[in-house]
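Per TrEMBL, the feature substrate binding site maps to Arg125, 148-151, 214-216, Gln220, 267-270, Arg450, 461-462. Taken from TrEMBL, the feature Mg(2+) binding site applies to Glu144, Asn146, Glu368. Annotated ATP binding site per TrEMBL: Glu144, Lys305, 364-373, Tyr375, 398-401, Glu425, Lys452, Asp458, in sequence order. TrEMBL lists 204-302 with the feature domain 'Glutathione synthase substrate-binding'.
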Amino acid sequence: MAAPWRDVVRDAAAVREAAAVAVDAALLAGVLMRTGEQPNASDVVNYAPFTLLPSAVPRALFEQAYAVQQDFNLLVDAISQNKEFLEQTLASTIKVDDFTARLFRIYMQVLEEGLAQTVFLGINRSDYMFDCGLDGTAALRQIEINTIAASFGGLTSRTADVHRLVLKVLGKTEEASNLLPNNPAKGLALGLAKAWELYGSQRAVVMFLVEDTQRNIFDQRCIENELWNRNIRVIRRRFRDVFEQGSLDGSRRLYMDGQEVAVVYYREGYVPQTYNQQNWEARLLLERSRAVKCPDIATQLAGTKKVQQELSRPGTLEKLLPGRPEAIARIRATFAGLYSLDEGEEGDRIAATAIADPDRFVLKPQREGGGNNLYGEELRQVLEKIKDSPERTSYILMDKIKPQPALNYLLRAHSPLQVSECISELGIFGVYVRQGQELVLNQAAGHLLRTKAIEHADGGVAAGVAVLDTPYLV
């Protein structure tokens, strides 16, 4: 892959000047996070970490990722409506993974009661890396699809302007003009606004369900402000607030503090640590309601790693998307090798292969939020321990993707300015809205590029490992 900034990276004086400009530009543009010391206060903030230079991304692979996003939206929506598929696919996982099992129990309870919700909103982000083959050609390979609380659509909407200015400061005006416009915040808000409109009550609010610790509030505010600009009221509440103040009326409309809630947008609820008994009860209350959940619990289950692995089996996509051979071909072209660790001969063989050659694979639990995957020696040790136990079915194995590193500077508050060998991950945001059986909105809503130093195997921006970036198409 071409390295467009080879000359700049080695010019220490130019880099120092550009970095000073970049940090101020990020603060001016609102590329912000609260500090670790005061995660719930905005009186002291800092810039969110980002690259000094935009990273090279192959144009053909970038376009391929955009072209397949509507297909992935359709697929996630189809899975969320297919009870039989979810039951069969997650049968082994829910025996050993308590978190997935609790989500699944709520899913079944709500189905048995009968869905009150008639409008469905999906906001997902499909993440990819560029796998460098033996001949040097790069291929697009999907890491995962996030169906709940996919973040950084707000801050990445502001990052390209920072990189545009940096390139101008470095005398690269023409290259600066080649950076693509990107505004996922607007696209995500469009989906939320459409769902709110179809819910059909002008007085009702959109509720952001948020964490107790809210370092990444400005990312959410970008989307929130887009809704206020459309005169849609937004409230922010935690699970605890829902437990204490949430209620349903006879038609299962959801009320918070006396306000009817049209849409619940989850920026929380994707890790087991979130939940105590009252938070599980709050989640059940939300799921039973008529409000549009983004995501509803079926869509959250559609994003599990076990589902991802099952999709790679021959014939599965054909069952889920009948009569759509072109969409299936586009989706399948992005898959890396995915392997089941279910009990039986096939799982035994795969486990033995990974123990013998752990550097070929990634071991993935059913978790979101980054920093959960296992690699190398750690992967081998965990598999050795669980290879004869049903616990192994709570994981899947995936081929390890090997991208081509490039030099860049990762700008972090209070960190020295030094060059790093880096790899990048491209995410494409997708938004869809379904009313009954009719899909009324289905589109790609923008992109997110995150970059990290090669010594970090796993983890995103929120986990403190990756930084925000902008693609420079080559």
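Counting starts with 1 at the first residue shown.
The backbone N, Cα and C atoms fix where each Cβ goes, and this holds for glycine too.
Automatic prediction, not curation, is the source of TrEMBL annotations.
Bear in mind that the values here come from a model prediction, so they are computed numbers and not experimental data.
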Counting every protein chain shown, other Cβ atoms within 10 Å of the Cβ of Glu144 (Mg(2+) binding site) number 18
Return the residues near Pro365 (ATP binding site), defined as same-chain residues 6+ apart in sequence whose C-beta is under 8 angstroms from its C-beta, sorted by sequence, else 'none'.
Asp97, Lys305, Asn372, Asn373, Ser394, Tyr395
Model confidence over the domain 'Glutathione synthase substrate-binding' (204-302), averaged pLDDT
97
Ten-angstrom check, please: count other Cβ atoms within 10 Å of the Cβ of Ser151 (substrate binding site), all chains counted.
20
Alpha-carbon spacing, Lys452 (ATP binding site) to Ser151 (substrate binding site), which is rounded to whole Å
17
CB contacts under 8 angstroms to Gln220 (substrate binding site), restricted to the same chain and 6+ apart in sequence, sorted by sequence, are Gly154, Phe208, Val210, Gln214, Arg267
Give the distance between the Cα atoms of Tyr375 (ATP binding site) and Glu144 (Mg(2+) binding site), rounded to the nearest whole Å.
16
Validating a neighbour-count step here. Other CB atoms within 10 A of the CB of Lys400 (ATP binding site): how many?
19
Which whole-number value in Å describes the distance between the Cα atoms of Asn146 (Mg(2+) binding site) and Glu268 (substrate binding site)?
13
Provide the number of Cβ atoms within 10 Å of the Cβ of Asn146 (Mg(2+) binding site), excluding the reference atom itself.
22
For the domain 'Glutathione synthase substrate-binding' (204-302), DSSP counts of helix, strand and coil?
41 helix, 26 strand, 32 coil
Select the closest residue to Lys400 (ATP binding site) from the following binding-site residues, measuring between CA atoms: Arg125, Ala149, Arg215, Glu268, Tyr270.
Arg125
Lowest 10 Å Cβ neighbour count of the binding-site residues Tyr270, Tyr375 is held by Tyr375
In this structure, the one of the binding-site residues Arg125, Ala149, Glu268, Lys452 whose CB has the fewest other CB atoms within 10 Å is Glu268
